[in-house]
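Structure first, then comments.
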Amino acid sequence: MAALWRGRHRWKRTNCLHVLTRNLTGKYDYDLVVIGGGSGGLACSKEAAQLGQKVAVLDHVEPSVKGTKWGLGGTCVNVGCIPKKLMHQAALLGTAVKDAKKFGWQISEPICHDWSTMADAVQNHVRSLNWGHRVQLQDKKVKYLNIKGSLLDEHTVKGLTKAGKETILTAKNIVIATGGRPKYPTNIPGAMEHGITNVALECAGFLTGIGLDTTVMVRSIALRGFDQQMAGLVTDYMEAYGTKFAWQCVPKRVDKLSSGVLQVTWMDNNTGNEHKDTYDSVLWAVGRAPETKALGLDKLGVQLDKETGKIVVGADESTSVPNIYAFGDIGEGRPELTPTAIKAGKLLARRLARHSAELMNYDSVPTTVFTPLEYGCVGLSEEEAEKRLGKDGIEVYHAFYKPLEFTVAERDASQCYLKVICERDGDQKILGLHFTGPNAGEVTQGFALAFQCGATYSHLLQTVGIHPTCAEELTKVNITKRSGLDATVTGC
Amino acid sequence: MTQQWLSLDPPIPHTHTHTHTHGCSFLVMAILAQLSRTSRSACWFRHRKQLFSSFRRHALIRRSMASDPAATDTTRFDFLVIGGGSGGLAGARRASELGAATAVIESHKLGGTCVNVGCVPKKVMWNAAVHAEYLHDHNDYGFDVGNVRFSWETLKAKRDAYIGHLNRIYRSNLDKAKIQTIQGHARFTSDPEPTVEVNGKKYTAPHILIATGGQPSVLCDDEVPGASLGITSDGFFELETLPKRSVIVGAGYIAVEMAGILSTLGSKTSLVIRQTTVLRNFDSLISTNCTKEMQNSGVDLWKNSQVKSVRKTDKGLEVTIATKDPEKKNEEEKIRTIQEVDCLLWAIGRQPNSSGLNIGEMIVDTDEKGHIVVDEFQNTSRAGIYAVGDVCGKALLTPVAIAAGRKLAHRLFEGKKDSKLDYSTIPTVVFSHPPIGTVGLTEDEAIKARGKENVKIYKTSFTPMYHAITSRKSQCIMKLVCVGKEEKVVGLHMQGLGCDEMLQGFTVAIKMGATKADFDKTIAIHPTSSEEFVTMR
């Protein structure tokens, strides 16, 4: 929201410049056509417009299998970060009620949660954001077209309205930022018909948090790609919190019983036995797939990755075809994160407008998983650091700490943990920093900045702590894993 | 058992536009003014120290040649620490780890201000108050929690149990480290070698650390008749019930935090300040915003006001307050009273615990307020005697005392000659509602130091996403103070949800010399409030 009205002020400043320089390209309808009105596409188109380019952005939402549609803003605003974090907040409040009792609040049982109150509030907020994005595009003179775009050649886009009307747009450059959508497992009978999709642990976490009986079925490991010790802490905490896990299990089929409930049949790979149980809802969180099919990329020879179907991109977001660029979730090997898409989009716009040559730096991308116990990190996982430098090449400082808010609340803090992975030699440059605990997202951002500045272990120690906070533990960490000493923090 | 009913409406007014905020209270700083003072004395001090050290060398030689019979009655250590608070314990434990025979003298409870009457119980109370705020938001997030009531007694019992637990941990940490704990008041004797006496027994060491901390300042009845009917923050932690009517006097972070906690937990709270804003040492944005948040959250603010007298009646205290706006010269001073006050809390500053030590005997210099004067290495004017923490009056913060104590131990017992604490870039959080985080220079300080043309300010304010679906709102405000062409970030100031946990990492980066460009290069974590710092324009 802040970004919305800040943006409006900014626009006023650059407005004049804009009018002077636009329409000088002549040869094409637009300097830039962006396909995809998600975080990245919007950021790219607005930035380009501010730099005086004539820009159009095409957005179209293909309804989900269940028929759900949404407005401008892409995954993040509609079906990702924003609603997810709000539901995470709801779950945290569910935990807070229990803590409040320990803090002297007397609350009559039972405490009920009304899904529709929360969902309506969340939807209202999302709609206000959809509207805000529309207003911003208008303010910044970006042409918004609610049509489905596909490419005819490297300068031409064909748009199709819902009513089937065709529009042809030409542009000097075309940017593809159509993102991705959750996958359904196509090989499991009943999956499409009876399931919904989203991200696994975060969803399971907030469903548990608002009091719903939730089971997560995991084929192999949780949070693949993340540090696995941290992933283990996240899921341990969830288990203690009430989320059930069916590890090493693979679903076989989903059937709707006459009572309306869904019967899931799965194979337990630990025992080789088949099991059945019934649930009200089945949610698939088996990964995300790019939205490339309708774009007509094959005819133009835009190279796609065979396995993922994502577009192969260079460091400057260029595809194999000149004048066509792609970034965000649809780019092969790119992190599927809103802020990287926004930043990459802005930088791309600046390069296309010949305003700067700066490339996006995809290293040192911090992220936070909003599970019941939040997990924030930046840099390498311990596994990856070990792979690159060897076990003897790294020093891992770690600590199990107890947040003060857990003490009076009598909450178990065994998963509140942090580790800092450093080079063993020289200045002990930090390679990775990992933190589980309350407010991990807010804790991690500043450390990500320090990491970006090349922080070493001694930079952490030289910084005076802030007492009593959880974040201060990162400036006090002093036990190495190598020492084998107890890493539990005692006292102030 | 008294219980306070919390109705879900009244204490937090509802506002409807984002320019209004609800809120409450705040944090910790008051350091900068003191910094400049001590740095001056530190220079002066270096000269004196040189004089003293040569003098002392002679003294040592003389003593080692004479056989002193009294020395046999005196217990000797390598390191003697007076004061078992954050700084003293940290220094003692580190010294002991480095092989020094160490003792800690404590007259009260181990853990000092922080553990017993400071940071820890304060934050527990703040957490309880945050739950009060959450309870207002539960309905908006779909929870039906019905009527709730608050039992101060339950909270206090649990808080005390936790503090007792910490006291025991501190004791066992000392025992494990083979550090002797001596219970009682230490007083320097007139022996030629620095020596202290505790309960009639003498102790000495070549290195003696004074870490006796401080205590809340009080007014005497001569200054304000009836002043002693009030309590201080120490007394706040002894309150057995939630006061129905509270009056807090002071504009510093302790006043702000105490008023915030009491008001949020349901006490009708008035805050009496001498001027027009709280936290005047902070960046003006924070000072103004915090004042506004407190008023929005229902704290009754008495500006330009001073307590004239306090009287006990059978219904509680009657506090008489004089108010005069200095801008309206012709206006008469207004005298008004607040009736039926059951908690009058003075939060008018803190003073060092240096008077009972008999340090004058040791020729240890103190300033006019009794703070022990130390140089950047924590040396006092007497060789072999050092001081850390609040007793020095500089950056009254637990982590500062801890770090200074440890650095000193490394210097004395590990031969690290340059081991000292860097007092610049010390972050501070005020646990107001919402919390404040601040580090480095304020805008005014930066302009004074570098000239207006060399200072660039970045600011933002927004409603945190948490409030997207709540009727209770609070703003998050942020400011970066940058200097020079390279836009080096020299100050960061913020108030809003989560700012308490946000600050630490930014402090690491600012201490490393981060520029605005470094902020811009950093990728955001979405959706958080802290990401606004790396996406600011």
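All residue numbers here begin at 1 and follow the chain in the order shown.
Just so you know, glycine gets a Cβ as well, placed from its N, Cα and C.
Where the annotation comes from TrEMBL, it is an automatic prediction and has not been curated.
Checking the candidates B:G349, B:G356, B:G360 against TrEMBL: the one annotated together with B:G250, B:A251, B:G252, B:Y253, B:I254, B:A255, B:V256, B:E257 at the NAD(+) site is B:G349. Closeness to chain A is evaluated for the binding-site residues B:G252, B:I254, B:V256, B:D390 by Cβ distance, with values under 8 Å counted; no residue is counted. Reduced to three states, the DSSP call for B:C119 (disulfide bond) is helix. In this structure, of the binding-site residues B:G250, B:G349, the smallest number of CB atoms within 10 A of the CB marks B:G349.
If you count neighbouring Cβ atoms within 10 Å for each of the recorded positions B:C114, B:C119, B:I254, B:V256, the highest count belongs to B:V256.
Looking at B:V256 (NAD(+) binding site) and B:H526 (active site, proton acceptor), their Cα atoms lie 31 Å from each other. Take the CB of B:D390 (FAD binding site) and look out to 10 A: across all protein chains shown you find 31 other CB atoms.
Counting residues per DSSP class in helix, strand and coil order gives 40 helix, 34 strand, 37 coil for the domain 'Pyridine nucleotide-disulphide oxidoreductase dimerisation' (B:426-536). Residue density at B:H526 (active site, proton acceptor): 23 other Cβ atoms are found within 10 A of its Cβ, drawing on all protein chains shown. Within 10 Å of the Cβ of B:K123 (FAD binding site) there are 23 other Cβ atoms, across all protein chains.
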